[in-house]
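To start, the structure under review is shown below, and the notes come after it.
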């Protein structure tokens, strides 16, 4: 599956081109390495800007219109009854990648009852589970490690991860990105973005 764009798309310092499923001149949407709930995606401006107030008026408008479009598709394809849409604006607010981004998290009735109820999503966003910078950095380090091991022709054993939310493979994220790109195109064709 080829990426949606030939341009290199960066989320902070991380190349995420293969995870992108929707792109505009000023924004992009990408699938998440370790979604908090199924369908958890991100929308970010193409220009790497750390804080919301650093965005131009055009970028703010495009970011929110793109978030609205993506949220409609995510809600539909994940059969959600609601959404959490959040921006962690700065390190002290839990932002782990210094690049403005909105989280779109599809929700269903009682989806987090086993974790304390509806509002359990907020501590999840602020916890290690929501630390995108750490997760993406670990993925990059793991790629480098695998490359070095392959070059040394040593056996590679997968990392043991006791966390129930294991990082997804590049292939899994590309497959979801392709599927969501097709669903976004359907919504656009059906006039759901008007």
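Placement of Cβ uses the backbone N, Cα and C atoms for every residue, glycine included.
These features come from TrEMBL:
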- 101: active site, tele-AMP-histidine intermediate (ACT_SITE)
- 32, 88, 94, 95, 96, 97, 103: substrate binding site (BINDING)
- 136-175: compositional bias 'Basic and acidic residues' (COMPBIAS)
- 183-194: compositional bias 'Basic and acidic residues' (COMPBIAS)
- 7-114: domain 'HIT' (DOMAIN)
- 99-103: motif 'Histidine triad motif' (MOTIF)
- 122: site 'Important for induction of apoptosis' (SITE)
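Everything TrEMBL records as a feature, shown here on the structure.
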residue : record                                       : Cβ within 10 Å
32      : substrate binding site                       : 22
88      : substrate binding site                       : 20
94      : substrate binding site                       : 17
95      : substrate binding site                       : 22
96      : substrate binding site                       : 18
97      : substrate binding site                       : 22
101     : active site, tele-AMP-histidine intermediate : 26
103     : substrate binding site                       : 22
122     : site 'Important for induction of apoptosis'  : 13
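Site extent for substrate: the farthest pair of Cα atoms among 32, 88, 94, 95, 96, 97, 103 sits 16 Å apart.
A straight line from the CA of residue 97 (substrate binding site) to the CA of residue 122 (site 'Important for induction of apoptosis') spans 17 Å. Distance noted between the C-alpha atoms of residue 95 (substrate binding site) and the residue listed as 'active site, tele-AMP-histidine intermediate' is 9 Å. Recorded residues residue 96 (substrate binding site) and residue 122 (site 'Important for induction of apoptosis') have their alpha carbons 15 Å apart, per Cα-Cα distance. Between the alpha carbons (Cα) of residue 103 (substrate binding site) and residue 122 (site 'Important for induction of apoptosis') lies a span of roughly 11 Å. In this structure, the C-alpha atom of residue 32 (substrate binding site) lies 12 angstrom from that of the residue listed as 'active site, tele-AMP-histidine intermediate'.
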